[in-house]
Amino acid sequence: MSNRIFVALDTPDLVRARALAQKVRHHVGGVKLGLEFFCANGPAGVRAIEEVGLPVFLDLKLHDIPNTVAKAVQSLAVLKPAVLTVHASGGRAMLEDAKAAAHPDTRVVAVTMLTSLDDSDLAATGVSGSAHDHVLRLADLAREAGLDGIVCSGAEVKEAHRAWPKGYFVVPGVRAADGAAGDQKRVVTPRRALDDGASMLVIGRPITQASDPDEAARAIAATL
Ligand SMILES: O=C(O)c1cc(=O)[nH]c(=O)n1[C@@H]1O[C@H](COP(=O)(O)O)[C@@H](O)[C@H]1O
């Protein structure tokens, strides 16, 4: 099985991102570039990271009216990212139009409920019920809209996978049993996330903030 770890290169610094990708490239399956990186470096920055030779997950979490999201996705299609994120709560039409506008080789996945949130945060946004139920509802919406999969926490991936066996499941908020959660609230270990059906593990700080990022990536990969 190929390496399911995508390292989140959460930095605006292109030189640092590239150096990190080079360092860890033998122990990860791909890299994730997010808003922090894209706002600073744009499409040229994505191309510079692609030169390292790993699949790129472009995590822009697009969320707007269908026309605006579709045009943004169309503009990104030239970059042919392996994976691209949109927010599931943008609604069915937005999801359908995003998928239609994407490069055919790009997996478009819907962010359900951020792993930095818990049930009480959800209630504060006016949504009643549990995080678990909310994620499963949004997963259904993404599937019905023709998306390739979802982003969810390891706490929900088992049931989400059962309901959508062919879906692609991206799981961030992944930590070793004794690892610092930081701002993440719904966390699981890498091993558990994979056992429960994750297709990809997104791991940032446990690798990028380690004194030896390559060794940290190798050690996590060894637990899988
Ligand atoms: O879409 C994501 O990748 C994502 C969704 C989510 O619900 N939670 C989440 O943490 N992420 C991303 O996953 C990465 C997690 O980073 P660490 O907490 O440092 O491992 C960050 O780049 C987040 O932007």
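Cβ coordinates come from backbone N, Cα and C, glycine included.
The annotation domain 'Orotidine 5'-phosphate decarboxylase' is assigned in TrEMBL to 4-220.
Feature annotation from TrEMBL assigns substrate binding site to ASP10, LYS32, 59-68, THR115, ARG175, GLN184, 204-205. Around ASP59 (active site, for OMPdecase activity), taking its Cβ as the centre, 26 other Cβ atoms fall within 10 Å, counting all chains. In the three-state DSSP assignment, the secondary structure recorded for ASP59 (active site, for OMPdecase activity) is strand.
The annotation active site, for OMPdecase activity is assigned in TrEMBL to ASP59 (among others).
The annotation active site, proton donor is assigned in TrEMBL to LYS61. On its own chain, LYS61 (active site, proton donor) has GLY34, LEU35, THR85, VAL86, HIS87, VAL111 as residues at least 6 apart in sequence with a Cβ closer than 8 Å to its own Cβ.
According to TrEMBL, the feature active site, for OMPdecase activity maps to LYS61 (among others).
The active site, for OMPdecase activity annotation in TrEMBL covers ASP64 (among others). Following the DSSP three-state reduction, the secondary structure of ASP64 (active site, for OMPdecase activity) is coil.
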Cα-to-Cα gap, ASP10 (substrate binding site) vs ASP59 (active site, for OMPdecase activity), nearest whole Å:
10
Cβ neighbour count within 10 Å of LEU60 (substrate binding site):
18
Distance, ASP59 (active site, for OMPdecase activity) to THR115 (substrate binding site) (CA atoms, angstrom):
14
Cβ under 6 Å from an atom of ligand 1: which of these recorded positions qualify? The list is ASP10, ASP59, ASP64, THR115, GLY204.
ASP10, ASP59, THR115, GLY204
Please give me the CB contact count at 10 A for GLY204 (substrate binding site), counting all chains in the structure.
20
Rounded mean pLDDT for the residues that make up the domain 'Orotidine 5'-phosphate decarboxylase' (4-220):
97
